[in-house]
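Report on the following structure.
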Amino acid sequence: VLSSGDKANVKSVWSKVQGHLEDYGAETLDRMFTVFPQTKTYFSHFDVHHGSTQIRSHGKKVMLALGDAVNHIDDIATALSALSDKHAHILRVDPVNFKLLSHCLLVVVARHHPTLFTPDVHVSLDKFMGTVSTVLTSKYR
């Protein structure tokens with residue numbers, strides 16, 4: 001459960017991230033594909049090379065969805081309901097991949113905002129991404 005402090009931390013970080021959605025999203029996907037190459041299997045129809053238009057576009061979509069979750073932080077389940085349906089029933093993404101993506105996003109945020117990425121902020125972002133992952137896998141059951 002996200003505390004009021006966690007929510008404030010997430011919103012504070014997102015205020016810095018939101019101006020870089022395409023760049024950070026693409027970097028997150030690039031990092032995920034490099035560190036966890038098995039995740040590429042869900043993107044066989046994409047050019048998964050660094051800087052590709054498809055990766056930049058999808059990275060931005062991911063970040064926009066996370067922005068929706070931040071903007072509806074008190075009701076993430078409703079904000080991401082359609083996306084949860086899509087990932088569970090159409091794309092059939094293995095739920096473990098959400099954790100891998102979350103880890104890569106935390107690394108990207110820490111790399112670009114090292115002074116902002118305190119241990120408390122790290123915990124808050126990790127909890128937020130865990131909540132997002134739980135919501136996105138909730139319809140798998």
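Placed from the backbone N, Cα and C atoms, the Cβ positions cover glycine too.
Among the features that Swiss-Prot reports, O2 binding site is placed at His58. In three-state terms derived from DSSP, His58 (O2 binding site) belongs to a helical segment. In sequence order, Gly25, Leu29, Phe43, Phe46 make up the list of same-chain residues 6 or more apart from His58 (O2 binding site) whose Cβ falls under 8 Å from its Cβ.
The heme b binding site annotation in Swiss-Prot covers His87.
Here the domain 'Globin' (1-141) is broken down by DSSP into helix, strand and coil counts: 112 helix, 0 strand, 29 coil. Here Swiss-Prot flags 1-141 as domain 'Globin', drawing on sequence analysis.
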